[in-house]
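> Pulled these from Swiss-Prot:
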BINDING   Gly10, Ala11, Gly12, Gly13, Lys14, Met15, Gly100, Thr101, Thr102, Ala126, Pro127, Asn128, Phe129  NAD(+) binding site
BINDING   Arg38  NADP(+) binding site
ACT_SITE  His156  active site, proton donor/acceptor
BINDING   His157, Gly166, Thr167  (S)-2,3,4,5-tetrahydrodipicolinate binding site
ACT_SITE  Lys160  active site, proton donor
Amino acid sequence: MKKIRVFVSGAGGKMGREVVRTILDQEDMQLVGASDARQQGRDIGELLAMAPLGIEITGPLEVAHLKETRADIMVDFTNPQSVLKNAKCALAAGVVPVLGTTGLDEADISEIRDLVDQTKVGAFIAPNFAIGAILMMRFAQEAAKYFPHVEIIELHHDQKLDAPSGTALKTVEWISEVRKPLVQGHPNEYEKIKGSRGGDVDGIHIHSVRLPGFIAHQEVIFGGLGQALTIRHDALSRETYMPGIMLAVRKASQLSNLVIGLENFLE
């Protein structure tokens, strides 16, 4: 059986380490390389408190790293400042990037799409790899047909750099597809402290919480006459994301276009 050759960018981070561990457990995948600016020179096995694997962690990702390892897929869990550069490196090397790092804006995505069109190499971007989170968004979209008054609270660990989360923005996008334009709240509402009502996207308020002890959580709260409905998803550990990431790696290896969202791989 031909194995999918996977390179992990950001392998020294919490998500990166979990991805590496999970790839090592897959019969149809082979870890061929890893990069992390803070762990350069270390064996990836040593980083995971395992026996050496003979894979030395490189510094910031370069095209040469991907070509030398003959990777099929580059999984990226770095930071918003590095993810676009890493995606460009992957596409230039003929490697399909699977991007889990959030923080890409519309201009970044447009640039990636143009490069995909030029190189004919596929790419995959997911705001969230948790299958439960995808279902939460689907359920919220269905509920919005009947409960148009809605707000979102997303809660993450205090080291997350971007706000609101990509999942919250994607949830608004899905809800807006079925929700008629609506001005919520009192027309004369005002904030005593700027930002008290959160960010407003398409008339839906998003509130971002950043605290230690949290991983990734989201509530979509609907209000109606005499009733309220809350749809919530909790990621209780980073293992939450592994089934979705492995699914994405398997599916992305067959791509020749840009695909955004894990929902595209769910039957």
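In case you wondered, yes, glycine gets a Cβ from its N, Cα and C as well.
These numbers come from a predicted model, not from an experiment.
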> Out of Lys14, Thr102, Phe129, the binding-site residues in the record, which is closest to the residue listed as 'active site, proton donor' when you go by Cα distance?
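If we rank Lys14, Thr102, Phe129 by Cα distance to the residue listed as 'active site, proton donor', first place goes to Thr102.
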> Provide the number of Cβ atoms within 10 Å of the Cβ of the residue listed as 'active site, proton donor', excluding the reference atom itself.
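For the residue listed as 'active site, proton donor', the count of other Cβ atoms within 10 Å is 18.
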> Could you check the binding-site residues Gly100, Gly166 and say which one's CB has the fewest neighbouring CB atoms inside 10 Å?
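The binding-site residues Gly100, Gly166 were compared, and Gly166 has the fewest Cβ atoms within 10 Å.
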> Taking the Cα of Thr102 (NAD(+) binding site) as the centre, which of the recorded positions listed as Arg38, His156, His157, Gly166, Thr167 lie within 10 Å of it?
Gly166, Thr167
> List the recorded positions among Arg38, His156, His157, Gly166 whose C-alpha is within 10 Å of the C-alpha of Pro127 (NAD(+) binding site), in sequence order, or say none.
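Neighbours among recorded positions, in sequence order: Gly166.
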> Other residues near the (S)-2,3,4,5-tetrahydrodipicolinate site, CB within 8 A of the CB centroid of His157, Gly166, Thr167?
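Other same-chain residues near the (S)-2,3,4,5-tetrahydrodipicolinate site: Thr102, Pro127, Asn128, Glu154, His156, Lys160, Asp162, Ser165, Ala168, Ala216, Gln218.
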> With a 10 Å radius around each C-beta, find which of these recorded positions (His156, His157) has the fewest other C-beta atoms nearby.
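Across His156, His157, these recorded positions, the one with fewest Cβ atoms within 10 Å is His157.
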> So, in DSSP terms, is Thr167 ((S)-2,3,4,5-tetrahydrodipicolinate binding site) helix, strand, or coil?
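Where Thr167 ((S)-2,3,4,5-tetrahydrodipicolinate binding site) sits, the three-state DSSP reduction gives helix.
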> Thr167 ((S)-2,3,4,5-tetrahydrodipicolinate binding site) has how many other Cβ neighbours within 10 Å of its own Cβ?
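Step by step: centre on the Cβ of Thr167 ((S)-2,3,4,5-tetrahydrodipicolinate binding site), count other Cβ atoms within 10 Å, giving 25.
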> Would you kindly give the Cα-Cα distance separating Gly166 ((S)-2,3,4,5-tetrahydrodipicolinate binding site) and Lys14 (NAD(+) binding site), rounded to the nearest Å?
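That separation, Cα to Cα, works out to 19 Å.
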> Of His157, Gly166, Thr167, which binding-site residues are close to Gly10 (NAD(+) binding site), meaning a Cα within 10 Å of its Cα?
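Checking each Cα against Gly10 (NAD(+) binding site), there are no hits.
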